[in-house]
């Protein structure tokens, strides 16, 4: 239990403070006693399921809230603290499924902080305590902070005697764990015999067993293929794999391990955490390449921010950053509470996985007719945003995930990635859940649904011309930033144009009409909108005009400012380059990359229409699938009518070629990473494509150049590993102007010029 509690956080929880202590409190009421007892019971239940059954009954974020509430009550009413309180224990209870073994020294948990402000307070407090308790040590050598990734895996304790692995155990309750030696021996990275000489007589080595992100995806695919429910996350998969009764089954799972500390030791003298890491690596144990020894708070903050941005580029899942005082003398001086060390803390990133209720599964009809199921959930906050819907892709995915309507589900939202329903929490089913059944008819137009061709997983509505939902989606798409870039034509405007509540005849019944609109066409359009009462949605819908103001006796109805903006932007959109027009047409498989390639190769819509399928397929970045989709699209009369109508309304259907731009990058694949001074990302991509090159989003052995600006990320690391030529911005400009030969020559000259003459 944390020693002191003070300032109230915005979320109502109490954070630690060095100077504040709990205020005297009245005798706890019966309701508070009942809440305390339930918290103790629930947390112990959730812990047992998490540590011993590889089952997450609540999300990590929910567990943290419950645990902090328990700590808050105990701080205000210490007389309530019971011996079986989770705050008095380190981890989960020991399962009866494996032989219990006692650790030589206790394995502690870590204190968690959830904000930068809390972390700063902890560091200030730890620094002050270190100066007070280990003043001479700190004066001689200022504190350094070993900062490392908090792997989201299963804690394991390895015991070596004279370099020989004699036992491996789970953390358990921190004092007693479960003997899993035979299963751990199946992990290839773990040596049975340590390397080197003068090995300690006995040493405990702590680490984390995990499944790498890419291996987890493959494992779940394999499991689903056998008809079983997939694992909810890599941590559960690792825990379940280590608890297999037969080591041969564990050996089939892609387990890995990284070690991060030393427990008890006999015959080993080491001065710091970082020194011990170097020793562990020399012994042949797998250590993390990501740890750093830092000297100040700002460096720690930079480390946290860096991996907060790049956490999904890593080998494994992380849920935070661990910060430790590096030297052991200071650690020993600070010591431990009953549960956590006073010299280490875990900063937890905002949760990316939460639990919520799956209320229903509905379907959406997309712009190319694809019918996609999506989950409707109780709104929940995850990764900084509130989510209440998530795609389920197709009926096979729904089946593979094993989700039922009414399930409590694990919802994941990683960074900018779209929210994903990972799977159900099976232990919380009560028998009232029901299966999702894919509709056989389009919910928008009633047309029979079917795969586009035999063997397709996706089912589609073939009524592209007349399906109202498909038209709405296409109109919304053509206004997007990657197409005509019409900001005033958003989702609600697309509904108003194609599916208004009034009038019965929509202003836009085919996207051919979009550039032929006049303001008067929109005067009577009304949509249904949820009414607000004092700024709060009421659940009551009303009919409101969308494109015109309501109007009064004094002031007649007139176009809104957004409607005026819409017509200005429609006029501006007519001058967009050819590739954007191609994107706006919603041709299946034809995205920005293929559209740019087609526009560069042919120069005009007429030339693209006249090209044969082999001619289209020969274009770099197009290929046979896209070529076939183009031929199929242009074969429809009503598709060609859209192009003709847009052309008649002034939309540009040919690019003015700048013959002065040489095709210096023909056949080259280039990746841009980081920030450039003279180019934003789109401008750099445009410059590459205009010169005949391919602008790729990821580095591979087929990449010719990587252009690295400021804050270049993992793409730069990968380029260096693969031996791909890396250019700075000046080198990129040389490459654009003169091509690869001149760029290589410039590099060689620069290299020669940097040598010194004796």
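Glycine too: its Cβ is placed from the backbone N, Cα and C atoms.
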Between the ranges 711-734, 735-758, Swiss-Prot assigns region 'Disordered' to 735-758
Kindly point out which candidate in 33, 171, 243, 253 is recorded by Swiss-Prot as part of the NAD(+) site with 60, 61, 62, 63, 64, 109, 110, 148, 208, 324, 348. 171
Would you find the one among the binding-site residues 110, 467 whose Cβ has the most company, meaning other Cβ atoms within 10 Å? 467
Between residue 171 (NAD(+) binding site) and residue 461 (Zn(2+) binding site), what C-alpha distance do you get in Å? 54
Check: same-chain CB within 8 A of Zn(2+) site center, minus 442, 445, 461, 467: 365, 369, 443, 444, 446, 447, 462, 463, 466, 468, 469, 470
Once the chains shown are all counted, how many other Cβ atoms turn up within 10 Å of the Cβ of residue 62 (NAD(+) binding site)? 16
Taking every protein chain in this structure into account, which of the recorded positions 150, 171 has the most other Cβ atoms within 10 Å of its Cβ? 171
DSSP tally for the domain 'BRCT' (660-749), helix/strand/coil in that order, comes to 39 helix, 17 strand, 34 coil
Which of the three DSSP-derived classes (helix, strand, coil) applies to residue 171 (NAD(+) binding site)? coil
Binding-site residues compared (60, 64) - the one with the fewest other Cβ atoms within 10 Å: 64
